[in-house]
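To start, the structure under review is shown below, and the notes come after it.
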Amino acid sequence: LKTVNGLQIPAIGLGTFKLKGVDISTALNAALELGYRHIDCAHLYDNEAEIGECLSLWIKSGRIKREELFITSKLWNTFHHPDLVKSACETSVKRLQVDYLDLYLMHWPVACQPSDSKVPRDSNRNTLFDNVDLVDTWKAIEVLVDQGLCKHIGMSNFNTKQIDKVLSACRIKPAMLQIESSATFPNQKLIDFAHFKGIPVTAYSPLGSPYLHFRSDVVPLMKQPIIWELAMKYNKTPAQIALRYGIQRGLCVIFKSKTPERLAENLQIFDFEISEEDMKRLNEIKNGCRTLKGAALRGHPEYPFVEDSS
C-alpha cells in the first residue's frame, strides 16, 4: 500500500492487543512464517518485550531482515508531556529490540498525568488528566523522526477537529490515522476526511471485535447474514469477506489472532474481489456500534468521541 507521504506499508498486519504469554510467540512465529511483515504494537499492550524477543530471534538467525518488517508502536497517554516523549519511544524501541520504529502513533489525543499506572486515578476513581496540548506533544514526536527513532509518525483515535489541529501546526505531516472501522461500524466520514487530507488510514477491529462486549440489540459482524451469504458466494470465510471489504475501501487492516490456521486464512484475501454491488450491500449494514470507546478518557476536553454519530 503506497501513500502520498512516501510511506509503504503492508496492507494487512498482525495486531498484538491482548496477546499474552505463550500466545505471543505462537502468533508471531506463525505470522512471520506465513509472510506477515506488518506488526502493530503499543506501550499499552504490555507485551513489547516478549514481541522483541521473538523478533530478535528471527533477525539474528538471518531468517528475516529488519528492513523487511514494518513495526508500529504508540505513545501512551501518560507520556504526552514533551519532556517524556523521547524516553517513551526509546523504551518501546529497546523492548522491541530494534534500532527504529517504522511508525510511531499518538495512541489517543487525551493526556493523562505522568504515572506508572496506565490510567492514573484519584481516590474517587476519577481519571487524572493532564492539560498538555496535543500539538505540543505532536511537535515532540516530530523530533523523534529527526533523531532517527522512527521513520514515520501518525495518530490513532483522533477526530476531524483534532486532525485539523495537528495539520495546521505540524512540521511533519501525519503519515497514518489508525481508527476503528468495520462493516458494522464503517466510520466512513472520518475515513473520507483523512483521505481528503492525504492521510492514509489503518482500520483496527475490521472483524467487528468479536471478543469485545456487544450490546444485546446489535448483531456482531461475524453473525451478520450477509457476511455468511457472501462467504458462500465467494467461497471464502466470513473473516476473509470482512477483511477484503476493508482492503477494497482503501484501508490497511490489522487484526489479532493466535491461531496459525486463522492467520493463514486471513492472508488469502488478495485472490478475489467483492463486486461493486456486494460492496454496496455491505456498506448498508451500518447497524453496529463503536466497541472501543476509551471510557476512562471521557471528561477530557480532547475526548475524541463526544460527537460520535458515525
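Each Cβ is built from the backbone N, Cα and C atoms, and glycine gets one as well.
All TrEMBL annotations are machine predictions without curation.
For reference, TrEMBL has these:
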DOMAIN    12-286  domain 'NADP-dependent oxidoreductase'
ACT_SITE  Tyr45  active site, proton donor
SITE      Lys74  site 'Lowers pKa of active site Tyr'
BINDING   His107  substrate binding site
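Overlay of TrEMBL annotations on the structure.
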residue: Tyr45; record: active site, proton donor; DSSP (3 states): helix
residue: Lys74; record: site 'Lowers pKa of active site Tyr'; DSSP (3 states): strand
residue: His107; record: substrate binding site; DSSP (3 states): coil
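Around the residue listed as 'active site, proton donor', a 10 Å sphere centred on its CB holds 21 further CB atoms from the protein chains shown. Of all the recorded positions listed (Lys74, His107), Lys74 sits in the most crowded Cβ setting, with the most other Cβ atoms within 10 Å. Between the alpha carbons (Cα) of His107 (substrate binding site) and Lys74 (site 'Lowers pKa of active site Tyr') lies a span of roughly 5 Å. Between the CA atoms of the residue listed as 'active site, proton donor' and Lys74 (site 'Lowers pKa of active site Tyr') there is a gap of 10 Å.
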